[in-house]
Amino acid sequence: MAYTQTATTSALLDTVRGNNSLVNDLAKRRLYDTAVEEFNARDRRPKVNFSKVISEEQTLIATRAYPEFQITFYNTQNAVHSLAGGLRSLELEYLMMQIPYGSLTYDIGGNFASHLFKGRAYVHCCMPNLDVRDIMRHEGQKDSIELYLSRLERGGKTVPNFQKEAFDRYAEIPEDAVCHNTFQTCEHQPMQQSGRVYAIALHSIYDIPADEFGAALLRKNVHTCYAAFHFSENLLLEDSYVNLDEINACFSRDGDKLTFSFASESTLNYCHSYSNILKYVCKTYFPASNREVYMKEFLVTRVNTWFCKFSRIDTFLLYKGVAHKSVDSEQFYTAMEDAWHYKKTLAMCNSERILLEDSSSVNYWFPKMRDMVIVPLFDISLETSKRTRKEVLVSKDFVFTVLNHIRTYQAKALTYANVLSFVESIRSRVIINGVTARSEWDVDKSLLQSLSMTFYLHTKLAVLKDDLLISKFSLGSKTVCQHVWDEISLAFGNAFPSVKERLLNRKLIRVAGDALEIRVPDLYVTFHDRLVTEYKASVDMPALDIRKKMEETEVMYNALSELSVLRESDKFDVDVFSQMCQSLEVDPMTAAKVIVAVMSNESGLTLTFERPTEANVALALQDQEKASEGALVVTSREVEEPSMKGSMARGELQLAGLAGDHPESSYSRNEEIESLEQFHMATADSLIRKQMSSIVYTGPIKVQQMKNFIDSLVASLSAAVSNLVKILKDTAAIDLETRQKFGVLDVASRKWLIKPTAKSHAWGVVETHARKYHVALLEYDEQGVVTCDDWRRVAVSSESVVYSDMAKLRTLRRLLRNGEPHVSSAKVVLVDGVPGCGKTKEILSRVNFDEDLILVPGKQAAEMIRRRANSSGIIVATKDNVKTVDSFMMNFGKSTRCQFKRLFIDEGLMLHTGCVNFLVAMSLCEIAYVYGDTQQIPYINRVSGFPYPAHFAKLEVDEVETRRTTLRCPADVTHYLNRRYEGFVMSTSSVKKSVSQEMVGGAAVINPISKPLHGKILTFTQSDKEALLSRGYSDVHTVHEVQGETYSDVSLVRLTPTPVSIIAGDSPHVLVALSRHTCSLKYYTVVMDPLVSIIRDLEKLSSYLLDMYKVDAGTQXQLQIDSVFKGSNLFVAAPKTGDISDMQFYYDKCLPGNSTMMNNFDAVTMRLTDISLNVKDCILDMSKSVAAPKDQIKPLTPMVRTAAEMPRQTGLLENLVAMIKRNFNAPELSGIIDIENTASLVVDKFFDSYLLKEKRKPNKNVSLFSRESLNRWLEKQEQVTIGQLADFDFVDLPAVDQYRHMIKAQPKQKLDTSIQTEYPALQTIVYHSKKINAIFGPLFSELTRQLLDSVDSSRFLFFTRKTPAQIEDFFGDLDSHVPMDVLELDISKYDKSQNEFHCAVEYEIWRRLGFEDFLGEVWKQGHRKTTLKDYTAGIKTCIWYQRKSGDVTTFIGNTVIIAACLASMLPMEKIIKGAFCGDDSLLYFPKGCEFPDVQHSANLMWNFEAKLFKKQYGYFCGRYVIHHDRGCIVYYDPLKLISKLGAKHIKDWEHLEEFRRSLCDVAVSLNNCAYYTQLDDAVREVHKTAPPGSFVYKSLVKFLSDKVLFRSLFIDGSSC
């Protein structure tokens, strides 16, 4: 132990001394990486060459003043005023950076040669020749152009491409590039210029009269003018000479003449008007007309150059409230003089105007006046007796040092000579030991004598003042003034005979105060400017013509009367109905009668839309002759189909019942298909159909069900073939999960490009050398698949359902008679039995195997029945009388027996109703018994997007028999069954209590070692099943997979903490889960849910009730009280009460146990202990496994204890864990999807649901790359981003499939108790480089803007840059008296669940909005197979698809995906309100709307682990949406707010104050306590244990509103 301690101490000392090589290497690597990043950042800035020779100090001045540029100093050109001349090019580039590239720009007095060299063909220079020097300067610019062209010619080069347009413009039309008129008289006329016009003025506004400047800008329609000029604040002090030290220049003023020159050089001077420059400096408003004015704003001062901009302002846009009636004084006097015979009141009326006023003030800071005082100096001429006085600025410290020192002199020593000697001594330098010690004060030596005189007089007067105070203002016969002048005369003698008179006249000495004044100057001087303009514009609101609308309403009246018999007629969309009838020329009364018949299922036809809406019915009733191409035509006539043999010869195969160019009723099913070989080499296009949802079914309901079943087989086959064709087209873009299901064979090399997991596939899709695609039935020999010469590749699928679909289609098509299925006249009996009632046992007891037939859905069930039937040793059940449904249909007609007396179908309700009807007809039976359970899981449509109307799901039967005695279920489960079934359910089981539940702390607790599970393991979701299998559990199935099975003991597990829609009180999945066991069931769950409540209720049952099997529940009624207030939100100020303990108590009640977790060192523990991780393919740089040590500042310690964690340090282990839990943990739930066609259908629903009808088609006249769109994007960007865009050469695109990976240092707090058992992974950020964002950012910004402008904002809110107040306004018109269903779709792992289908949907939306095809393809390739690199942690990996969290489309892409997902699953035409934000959604539907199985649809189509949750109040983006009688109020989640108060990353008190302000902004609505009761109900919906919380809401308001009190929530961590 001692040796270990010694070794540790020695290693630590070596590290401190720098002897640890590993630490030194890491530090060097970190230093190197930092240097590389810094240099790369500098390289992205615009480059400017500085050729003039300047000093090192001047180099530093230029670099610091213009950090936006990467300046290269060559020092190759000696010139006069080198720094100022070189800075002029920087100033020009800085001004041009403010202007959008390509916008028409006027350069006032500019250098046209500079613009030519930069290739700016959009700049026009106004260069008037105001003097000879201007002519010389213009000729010099021409010389520079000639010199440049001669160099190119000498080198055999041509003008570069970026300069060619500008040089061509100057060569062909030189007056377009430059003119020699003043800007006020410029005659340049732009040709076809669109967009805004800009101007720049670089050191040229001196010569433009300020009063003409605004009108000149307006004449050229200039939107903004940017200007730069030399100036100094000291010119405002009326100094006659001012130095500009940085550029070694100076201003000198003589009256109104202001001269600018460079010091230490023999150069020409520049003369300007001082008063004119002063107007530019001090004025704010520059009127241009009686309506418009240009407003000046200073931007920045750099190296003695002032930058400002002049913005064009339309005064008519001022709010009319600033207008007031006032009298124009000049107009008043004019009216009085010209019209004395009028009354005075008439003159007043003539002069009265409606005026708009505005004012501004500008402060000028005089930095050189800091610590300075103004000292008066005076002098007199002995010859002329002319008196002069001036004031100088002298160091305050110098003045009072002198005054304090000489004040100590005795009366005899206080002489002018002594004072001058002392002042000279402290100003002079001293040499000590050969080293010069300079004076502390740099005072001009020429002023020392005058200053000494002032100091002397000031001190003399101070002495006399002291004597006066001592003598109580009485000094004898002489007055104080006389004493003063006696002393002065004695001191000076006859040298200054008129000193007294001079001092009095100049007020140097104030006799009344007996003091000499030394003033302290103001550091700021304020200049005011005022704008007064006359209000002239007046616009009247046009009247609305409603006569046409009223006439249309009268026409629709009779039709609406017919529709009033519908159950939900009050929700009928009259506008849509009338528009559709008018555009399609459908009679409204006819359409109304058909709608009533269709909605009542009495029409004899079915429109397989999601809902038979008004618009779809009108479309179906459209006249056949006027139907557009592809529209539906309802006809009863038979159309002959060409011979099947002829179709096969052409490689085409017509599928039955699939909508396309022909309606379903026009098909005449051919009976020539005898075997599956006739499918061989059918073209893939003939099997792929798109418009599956536009089929019209006619005939009796059984016939319609049978047609729908045929179409479902075709749709399944179509989707599978489409996916195989897609794989053949793009083999390289297949992700790892897809590779496990499919295979691709290269015929030429006889090698599998993608090796399938299974072998001997019966079918596949063939790609020929002509790039044609055919379905082929495969054969095998010794070498593998038998191929043809024209075959290029073969794609196969491991899913055998396609082969069975082909076989079943072949059989069913043979059964059709004239295109119509035959309906059997056999009696159909439904045996509805409760779970465990012995349905299989009853079948075996009733069946006669010699003449009856048993059909079951699965192979295992068929083998089980045969085994039980033959258990006596006598073989009675064979494959001829006990079959699976698929086997019977595929091999129909091949067995010896074709007719059966009775048909028994086990679990028949799990089959498609049309399939059941076919089975009855094919068996030729007399009576059919269909055994099933109406309350258990029904048939699930596995083909995403295929229509299966609700009334098709009801099996048409002649008789229903019930079985209400369960042989399996214990008594407590039987008690639950009585709630679900009509009639009394009895049980024969001797077990009374069998169910129990256990709340586990988190998903990590469930593992085979610490939590072995007893019996059969079941889960609700596939993701939970996969999680258990990955942890080592075996024989795990979902509830749906074991329906009909029986087990002695069951362990039911739920690992998903988010709501699951199938776990509900009336869910069939819950019923199946509770009824699988005979002895015991234990439910392990991480969250409270309805099943826990059910089990707890069953655990409390008494033996008496279990013996009775009886449920007696009363009807609950709710008292309703009408609202008292109407209108807007009632506001009641919340009292500021409570203490810290209130917040702690509330948090502990809502999340018990979280505050007791000691998690400050969890990250350290994970790094120091052994850990085992399962990762996908990646590359790890183990040299990054030990992070470089950093000096960490101890943060403030919170007083409120929450589950918040300390900030993590990024490193290989942390980043890898985050990547495993995020990017490597994507679910796989989706079924068979025809990706391209289904995506197209989904996008159709998206546009129909959310976009206004008139904006559903993109505006082709608007370019996404317009100047306006670029301007809008640039306004949102920082200067650094714009600089990177300017540095990018645009020659080629960067690698769009390369991403960087990083993690957020602060873990995200969860509002649950999972922190007690899990180590939360950090959030990952996957992002592109800035160059890619700069390319696609403006593009997607414009696409987003177009999308949001097209959304129906009255019903839908896409939450982008919205405030809580805007959310309240959106939901404010909800009527609380109307019953509503509040729905939330909760999705786990939203970003990582997105796969190829999501990308296809999103790209299709962007494409329809106008996304250019080439860039769209580039963007698509960059989001398929992508490479992630984490340089900090040393990790590199590859992922497929997934949403990139740092992408330019992350937020809007997630928003449109969630909206598209909901539009594909829910009836959006009935929605009241809907809001979407990222993965959050909130929907308001009328009460009682029917919704599909959202989890099923989300799993199969969207790969989402989604749950549709019904609530009383909405929860959206961390806020509770409380709708009430007066409108809506949005409260920030108080529990989330308290959780943030436990933050452990607050650095210091300043950071804490910023944190408080941010919390105040989001929690401002808590100041209103009027709706605290509703907030309590909303919180209790989410957190069941939450107490009434008004006390804690008030406490939050109290602490957040007081910055001092808020500091008490934290203590200094360094003092702990």
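Easy rule for this one: first residue shown is 1, then count along the chain.
Including glycine, each Cβ sits where the backbone N, Cα and C put it.
Annotated features, as they stand in Swiss-Prot:
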REGION    50-458  region 'Methyltransferase'
DOMAIN    72-281  domain 'Alphavirus-like MT'
DOMAIN    801-963  domain '(+)RNA virus helicase ATP-binding'
BINDING   G833, V834, P835, G836, C837, G838, K839, T840  ATP binding site
DOMAIN    964-1116  domain '(+)RNA virus helicase C-terminal'
DOMAIN    1380-1493  domain 'RdRp catalytic'
Around the ATP site recorded as G833, V834, P835, G836, C837, G838, K839, T840, what other same-chain residues have a C-beta within 8 angstroms of the site's C-beta center?
D933, R963, T966, L967, R968
Would you count the other C-beta atoms found within 10 angstroms of the C-beta of K839 (ATP binding site) for me?
21
Taking the Cβ of C837 (ATP binding site) as reference, which residues of that chain separated by at least 6 in sequence fall under 8 Å from it?
R963, R964, T965, T966, L967
Residues satisfying Cβ distance under 8 Å from V834 (ATP binding site), sequence separation of at least 6:
D933, Q935, R963, R964, T965, T966, C969, L977, Y981, V985, S1075
Other Cβ atoms within 10 Å is the metric here; tell me which of the binding-site residues G836, G838 scores highest.
G836
How many neighbouring Cβ atoms, not counting its own, are there within 10 Å of the Cβ of T840 (ATP binding site)?
20
Near G833 (ATP binding site), which residues of its own chain have a C-beta under 8 A away, given they sit six or more steps off in sequence?
K839, Y931, G932, D933, T962, R963, R964
Surrounding CB atoms that lie within 10 Å of the CB of P835 (ATP binding site), all protein chains:
26
Model confidence over the domain 'RdRp catalytic' (1380-1493) (mean pLDDT, whole number):
85
